[in-house]
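If you look up Swiss-Prot, you'll see His153, His214, Glu265 marked as Fe cation binding site. Annotation source Swiss-Prot lists domain 'VOC 1' at 7-122, citing sequence analysis. Look at Swiss-Prot and you will find 150-269 tagged as domain 'VOC 2', backed by sequence analysis.
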Amino acid sequence: MNKGVMRPGHVQLRVLDMSKALEHYVELLGLIEMDRDDQGRVYLKAWTEVDKFSLVLREADEPGMDFMGFKVVDEDALRQLERDLMAYGCAVEQLPAGELNSCGRRVRFQAPSGHHFELYADKEYTGKWGLNDVNPEAWPRDLKGMAAVRFDHALMYGDELPATYDLFTKVLGFYLAEQVLDENGTRVAQFLSLSTKAHDVAFIHHPEKGRLHHVSFHLETWEDLLRAADLISMTDTSIDIGPTRHGLTHGKTIYFFDPSGNRNEVFCGGDYNYPDHKPVTWTTDQLGKAIFYHDRILNERFMTVLT
């Protein structure tokens, strides 16, 4: 059931060296720097995104994710979701408007998996970067690098998947698009969506709470993905796997690392969902094919390197 949560809105990542991180996210991924704040955080967006930022970088001593935020339809929905979270037993933290530049008040909570999420209703609307709202051209001419289209999703590793599933489906209004079941029928991976997308956030069982596997950015075509692979090679960027295809979601994909060790994905294509679609199920005996559809062999680094 729709509870008013619209889409992924932003993610804040910790990076070890801001200048190297910006070279990666701006020059290689093609994000646009939009702002900086007095804490030293840098705000970035992809060119099609209409709000001011979707990625916040914070310099720190270790990499990883501070939090992921979802935008809700309006303040009334935010107040109701806040009440629902508290009624469900979640401790919520109020973050005032302006704590993130150009963003309204946020309601933060911790999922049973150990990850921090937040909800907000307002963020400065800047429109698509480099385009007018009236009679727009197809794309801006001066995009850099991969010219990432949007921040799309994040994949988390943590424990307590059933409780996390209940929170996201019963309180926040997500639905299960795809899953992986072990030989006992226990769900060990869950791909959750708010929309027709293959997923907006995903969780994989891991004994340690609160770990990040990757943040993902959308590209338009397979040719864009191959060009992204060329740019990864040209810049000697550390690559994990790809270009290849997932069995899960059927998206075409490349995984690589930012200079701090945070894993990034760029992808195109993939499945779509409507309310009458049943969840797609994979079994762990086919996990190699589910993750890497062509090779059908698990990459140990892909499964174990987390931030």
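Here the Cβ of each residue, glycine as well, is placed from N, Cα and C on the backbone.
Note that the structure is predicted; figures quoted are calculated from it, not measured.
His214 (Fe cation binding site) is surrounded by 24 other CB atoms, counting those within 10 A of its CB over all protein chains shown.
Within 8 Å of the Cβ centroid of the Fe cation site, not counting the listed residues His153, His214, Glu265, the chain contributes Asp152, Ala154, Leu155, His213, Val215, Ser216, Phe217, Tyr255, Arg263, Asn264, Phe267. Its own atom aside, the Cβ of Glu265 (Fe cation binding site) has 23 Cβ atoms within 10 angstroms in the protein chains shown. Listed in sequence order, Pro8, Lys197, His199, Asp200, Val201, Ala202, Val215, Ser216 are the same-chain residues at least 6 apart in sequence whose CB falls under 8 Å from the CB of His153 (Fe cation binding site). When pLDDT values are averaged over the domain 'VOC 1' (7-122), the model yields 98. Residue counts for the domain 'VOC 2' (150-269) under DSSP, helix first, then strand, then coil, are 24 helix, 57 strand, 39 coil.
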